[in-house]
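S.K.: Quick one: the structure is below, questions incoming.
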Amino acid sequence: MNAEKPPVAHNVDLEEIAKFEAVASRWWDTEGEFKPLHRINPLRLGYIAERAGGLFGKKVLDVGCGGGILSESMAREGANVTGLDMGAEPLAVARLHALESGVELNYVQQTVEEHAAQHAGAYDVVTCMEMLEHVPDPRSVVQACAQLVKPGGHVFFSTLNRNAKSWLMAVVGAEYVLRMVPKGTHDAKKFIRPSELLGWVDETPLEERHIIGLHYNPLTNRFKLAPGVDVNYMLHTQAKKPV
């Protein structure tokens, strides 16, 4: 697991990084602040693996990997995984957990734009989960992800829709009522409508393949993937192949 020095970063919100650095030591606590990520990880992993035609032997980049929950699970599926993040503390936690778990993967402290400049067309699969709403310029991230994937490769995004229901459920409900995540985790003004995300995708060689909602039922305390993208949603895109 190699470490690379972080570059001079531009598309970075230092306040957002600081929020996650402060709780990084508890990233792998399945009952702590990141419990929802642990709960939804099997759903995300299953969706990505199914839509990408399996992960075994594929070169995968996890953008905004944090403490490595998804990165490590994809590596366990046989993928050659690189996790990318700008948070030093989450990456330190990710590296330590991988070492203790005996999972081989690489973590890099670098912006996705910098990584794209060095590794264009290098990956079979690129994932960008719950990251777009935490950067100043999400459009730039989408463009970089498109540059990183091989022709015919797959890029997955997940984020939160911007509307009253999403604010009520993801901010008021999740942060203040149910206390599923720390207060201040989300800024509803930074949420992204599917039409906006698809507009950015249309500016790249990526094509939409599938979109699905991630739903939480507080009565059953269960998550599921189902139609309806009014709160959380996942988007599967694929890079065009040369004609």
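The count begins at 1 with the first shown residue.
Placement of Cβ uses the backbone N, Cα and C atoms for every residue, glycine included.
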S.K.: Record says Arg44, Gly64, Asp85 bind S-adenosyl-L-methionine. Source is Swiss-Prot. Which of Met74, Met129 does it list for that same site?
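M.R.: The record-listed residue among the candidates is Met129.
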S.K.: Over all shown protein chains, what is the count of other CB atoms within 10 A of the CB belonging to Arg44 (S-adenosyl-L-methionine binding site)?
M.R.: 23
